[in-house]
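Listed in Swiss-Prot for this protein:
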- 19-134: domain 'RNase III' (DOMAIN)
- Glu44, Asp120, Glu123: Mg(2+) binding site (BINDING)
- Asp48: active site (ACT_SITE)
- Glu123: active site (ACT_SITE)
- 161-229: domain 'DRBM' (DOMAIN)
Amino acid sequence: MIRSRQPLLDALGVDLPDELLSLALTHRSYAYENGGLPTNERLEFLGDAVLGLTITDALFHRHPDRSEGDLAKLRASVVNTQALADVARRLCAEGLGVHVLLGRGEANTGGADKSSILADGMESLLGAIYLQHGMEKAREVILRLFGPLLDAAPTLGAGLDWKTSLQELTAARGLGAPSYLVTSTGPDHDKEFTAVVVVMDSEYGSGVGRSKKEAEQKAAAAAWKALEVLDNAMPGKTSA
């Protein structure tokens, strides 16, 4: 039984015809198990282009002094599999994954929370919004959903990822290199990883993810923000 998709539409802030919404949510594994139904891959292709143009335009106007190379790096920090998957997980109270139509095998191996599937599903929804409502509505939805990522992009380091940014921050403050303690739970096909960042023998952030890399990135982001907040309390720092 397919659960109500209204919370998903409410989170997107648009209405979509049932047929178009179902297509946007149909993963190829489900299509193949059900007689070769159409998949969401064409919509994903379209949504990728709409997302890329919208983010590129936003960055171009937000950062008039940045070079082409810098803008490309900023865009890559916003438009990537992990960022898209994170937006998808926060899309509504239950996340996008529970609404994606998956084949039994994919569903049984944690496909509903697989970053690649969530990212593809997010792009296919954006493609569907563009088809139904046009570019301006698609742009409005994208800027609302990806606004926090656009805001955070300029704060990231040269590598445009949180681990690089944290390492640069701790080095600049003479705190040494951060270390990561990673644990995992669950069976091999459905593991959940938890990472904790340690700086100068103190824990500054933690993160949970479906992969070690994802958990470490989330932990690094939390630690970076914590260190920024505690700037004046860091060793070697004095209050103004």
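In case you wondered, yes, glycine gets a Cβ from its N, Cα and C as well.
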Alpha-carbon distance [Asp48 (active site); Asp120 (Mg(2+) binding site)] in Å
9
Cα-Cα distance linking Glu123 (Mg(2+) binding site) and Asp48 (active site), given in Å to the nearest integer
6
Candidates Glu44, Asp120 (binding-site residues); min other-Cβ count within 10 Å returns Glu44
Give me the count of other Cβ atoms within 10 A of the Cβ belonging to Asp48 (active site).
19
